[in-house]
């Protein structure tokens, strides 16, 4: 405890803020204010989280449509691609107990989960999502929380296994950009970019409070994080990292200035991710599950600790552990003139949230007694070839007389990044119009 302020202080290593500005990942100490670069030469990093115990960073790259990881103390800066085909990641959240990662995808309108090594993944939710944005997890109680920019905007809560979904905040909310959990006080904090407001609510959706409402300090807030009695957030309009008292919104301070294109922020300290028991490894490997073992929401004393989960297009069998395809059935039908084999293929969701149903293949075998038709076929093919050749000659002659080549370099795209379209919470032009904002320097106010 700090004897001067009476506030409880974390013990152990110095806490630090880690944030990304698309091109690199940086760290600033909360005590000594040491400011360093952790990961450089990135392309379009928009989301960030960490596994503190494993000393690993995870981030999502919008241009490469993938989630990467790196050791936080790796001086070489080796990046490992963990998960591919993430079309428009808005936010990620690491489950530090069960070693999984959750993310929202604004393009496919899905929330997904995967093991940290990326070998197993599935959609957790792929319906009733409009513009999923920020996400946070609490593996100790088995719940995941996320915000949605859609109409109507809301914050939802569900079990980390995909069950027991229900809305947490649905009123007086417009553009909920960032959410974070205060596990000590059992509260959820969020930023509203349209209302220029920082608010909190308990984890049952009750006891709602406005912490701070400010056009100056919350011009276009993007992401936030909690540590001890402080809340920290990044503001894209002001290009700064701010901090304030998480209860009252007072004691405002600017921690970092001139932060061009900041996107996400986290606190890095062991107390942010309290240790918990991985029930999936308590009695048997992976909980005896054939595919994913996910924590179940702890609603009451009788709630299961975990449940097994299957990949997209598969359902759990009655034993609750093994997976069975929901799709393939083969039927044979015979008629007097044809023998037809019809295959009904799997219908489901591929990564990216696109509904896919493979076309039915039908093979017909001609009946006996059709030799006359086979005799006419070569003649018919010869006539068709002659007609086709004549039409091709006419088309060639026409093009030579009237064609014109026009090369306009203005329309030439030369890089993959130029072709990327940012439609996530990180862009100020996601179909939302922001009011004009006057940026006021806060240096004098904070002196």
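The backbone N, Cα and C atoms fix where each Cβ goes, and this holds for glycine too.
Mapped onto DSSP classes, the repeat 'LDL-receptor class B' (55-98) shows 0 helix, 23 strand, 21 coil. The repeat 'LDL-receptor class B' feature in TrEMBL is assigned to 55-98 (among others).
Residues 47, 49, 51, 58, 60, 67, 69, 81-84, 86-93, 147-151, 158, 160, 162, 165, 176-181, 183, 188, 190, 203, 223, 274, 276, 278, 291-292, 294-295, 297-298, 309-312, 349, 351-354, 423-425, 430 of the same chain sit 6 or more residues outside the repeat 'LDL-receptor class B' (99-141) yet have a Cβ under 8 Å from a Cβ within it. Annotation source TrEMBL lists repeat 'LDL-receptor class B' at 99-141 (among others).
The repeat 'LDL-receptor class B' (142-185) scores a mean pLDDT of 97 in the predicted structure. For 142-185 (among others), the entry in TrEMBL reads repeat 'LDL-receptor class B'.
Secondary structure of the repeat 'LDL-receptor class B' (186-230) per DSSP (helix as H, G, I; strand as E, B; remaining residues coil): 0 helix, 25 strand, 20 coil. The annotation repeat 'LDL-receptor class B' is assigned in TrEMBL to 186-230 (among others).
According to TrEMBL, the region 'Disordered' annotation covers 329-349.
The transmembrane segment feature in TrEMBL is assigned to 372-393.
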